[in-house]
Amino acid sequence: MTNATSSVWSLDDPARSAAPPGGSPRYDVCVIGGGIAGLTTAYLLASAGKSVAVLESKPVVAGGETEFTTAHLAWVIDDRFTRLASVRGDAAAQLAAKSHQGAITLIEQIAQRENIACDFQRLDGYLFPGADGPQKVREEMLTLTRLGLAFERVDRVPLPAHDTGPGLRCPDNGQFHPLKYLSGLARAIRRHGGTIHTDASVVKVESGKTCVAHMRGGQQVAADAIVVATNTPFDSGLSLHFKLAAYTTYAVALEAPAGTVPAALFWDTEDPYHYVRGARGADGTDLLIVGGEDHKTGQAQDQQQRWERLEAWTRARFPQAGAVKHHWSGQVFETPDGLGLIGRAPGLRDNLYVITGDSGMGMTHGTLGARLVADLILGRTNEFASLYSPSRWMPAALKTLLEENVNLAAQYADWLTGGEVASVASVPPGHGAVVRKGLSKHAVYKDEKGQVHELSAVCPHLGGVVQWNPGEKTWDCPCHGSRFTCTGEVQHGPAVEGLKVIEKK
């Protein structure tokens, strides 16, 4: 990624990069995407004897949204079990918990089997009341009791300097260092005979008896099956974009004296909610990693204020917190019912599989998604297949689906409005803004030296008008979450082409 900010995770490891493909190779399975979903899928298939190739568009694997996670390994559903049970039923909620619990166990097993030192820990997770009061905790307690899921009511959550009031302790969650884990996974894939290619940007897939991945530059990779594991599908033919809503989430990492950050995961009940974990800093101190302040991608421009609010929230509850060492943002894709879209692609797309719709649970979602898709390809039964089917009908979640698509339609009204500033001259150095020129809208970025990069403001995916993100210095599409660098190159799909260059001067 080319965010202006940097996450707490960094790892310069040669295992993360490789040469782009040459010739026209053929494999049993081609996996598009080198994040946790793609690499885990490739590992499971290569371990089962399949010939597998991973195609990653960036220079390194785990350089997309996996690098910008906070890496909670949780079975406690992001949207909470009370809502999930209301839209999918108790049996589905129980299965969802089981699937995420299995994902944590699978990560633990792979790390042990392949000797991956990734700071994996089993931890309790605590849900505590936010400013909205204790009612949501009580509701969740009743739901967990009814579902038979493990939890304990506690009089207060173990935050020594902050009286949270009664909360819930949920055992057997976890955390790890995502880049250490995925670097080890990349090595394991190669040991099992798999192939990884970076700088391999796929722009089109053909499905059928023989599937073909077409790359920018003309290279092709053929396979018996293709898995699209790119956070959000880049192929509009998959017809999944109306089921996915892109959200930006924010994180800060503050240093703290060694031994002062509780070894646990924490979540409050606000909407959007705050989520907390610890990590060990490079200098032996603790790091306190806090996330929250979510909003629809491309629909806010107050990024700095959101990081500042996260910092203030953290200091009010963790007075031992010191300097902010990192701040960053990431992107998640929500589905109407809060569960991923995983399995065979909808429609008549033979031998094409998809893993998307992480709904804020990227690490476990990517892992359980890999297990599910690998089982389907290997002809094995997977008890979660219907739960996560991309073709499933969600009648009880119809209200959410309609609300998200009304929001989507409203974004196209930007075509009728004026620009953010009157002229290119009004854009200050180091900033960007949308400028109307006649019937067109231009995305104008002026670098620190005053050089102007003038682009079409029209997202090449489905025609939304991009918005300037001053926190990351990117152009973000408010419709389906495509993101572009300040000079117009694709940073995040579903778009596969960059913003059209109008003028550089």
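A Cβ is built for glycine as well, from the same backbone N, Cα and C atoms used for every other residue.
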TrEMBL record, region 'Disordered', of the ranges 1-22, 287-308, 331-352, 463-484 the matching one is 1-22
With DSSP helix as H/G/I and strand as E/B, how many residues of the domain 'Rieske' (419-505) fall in helix, strand and coil? 3 helix, 37 strand, 47 coil
When secondary structure is assigned with DSSP, how many helix, strand and coil residues does the region 'Disordered' (1-22) contain? 3 helix, 1 strand, 18 coil
